[in-house]
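Heads up, the thing below is written out as structure tokens.
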């Protein structure tokens, strides 16, 4: 399994439950494509602020993780928004789309770093690009209000054919190809459209049907002629028989906690066992099939990550954020994740600060709603929830003895609670008023002094 997080590409071996990481990029990765041989990857990064972090494309080995080729330095403006390998010639060409204002489409012979041609697409919302599998000189770009075919001539110039163009509001989100080369597209309104070629070489709509409620985010064409489509809003994955005029075969629906479908990929490409991986809108990766339930393989936070705490004794750490999840990890393994709900609250709390009790038995979290939430560090079970104030609790920390916790708020005050020795019982003891929002706090080693940092970067010491 291959995916990227920030500037790191992750290769996850599901059978061995092990990760390897490609760390050659100098800025965040924006797109990635696997070579037809499955032995190499092309990945494009965004531009940084200096020459060492220019936008470019890297070709690297999935076996050794060594960088094989680097090209495009100085050619891309603010980043590379799409890459794809050619299919007919075994992946000798790479296309790239510049994320800059002109959305320049370029074709490269990557083994030599040669630029074979480029053209300004001038399409604002370009979301993807691909080579036609039966013609390495035919490229397709798609996005909001456009579906365009580009034919590259021997002189490097491109001939443009607009299939969809403004003022059309159709947002083409993804595309695939039938075995005979017909183009299958999906859009933001939930429709699947099939384009064929007439005797004059012009493309026309052969078929169109509504497949999902609202947007379709993923299409995968399987070797036996089954098309899988994934809905971002309706969370459905549907199988269609392309040999039977796109008759629906079956469908399934992801649980609400998983999120909507963002991407689909076969677990074992080339096999017809029906097992797939699904990337979701909530940063999870699921595995399963349309005949059995889906299980979570990779968990990730889906919104801003604000809380981070390291266990005082064990090699564990906790994370929490605006997605309302609090998670406990051991190195690279998820131990548990929970969403904490209040007794009289319909939703869950957003954690913005975390800290462990010095004995490691409980984990305390401060929420955006002003609640202190204490969890059992072993299993995430709620211990106690206390409303501290009406402002976000931006920082918190136990004193070294573990018999007191200090909580810093957005309203500038520090709230002090007495804590039982086991960390399970809390009683309000004092309040230190302030005027500036607090961002950090910590105790002196003897527990006599408290240091806080305000939003204006002032240090305040309390005894």
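Each Cβ is built from the backbone N, Cα and C atoms, and glycine gets one as well.
The domain 'EML-like first beta-propeller' feature in TrEMBL is assigned to 19-288.
The repeat 'WD' feature in TrEMBL is assigned to 209-241 (among others). Here the repeat 'WD' (209-241) has Cβ contacts under 8 Å with residues 171, 173-179, 184-192, 247-256, 258-266, 270, 272, 276, 278, 281, 290 of the same chain, all six or more residues outside its ends.
The repeat 'WD' annotation in TrEMBL covers 298-329 (among others). Note on the repeat 'WD' (298-329): its mean pLDDT in the predicted model is 94.
The domain 'EML-like second beta-propeller' annotation in TrEMBL covers 305-462.
Counting residue by residue with DSSP, the repeat 'WD' (298-329) contains 0 helix, 17 strand, 15 coil. Per DSSP, the secondary structure of the repeat 'WD' (209-241) breaks down as 0 helix, 20 strand, 13 coil.
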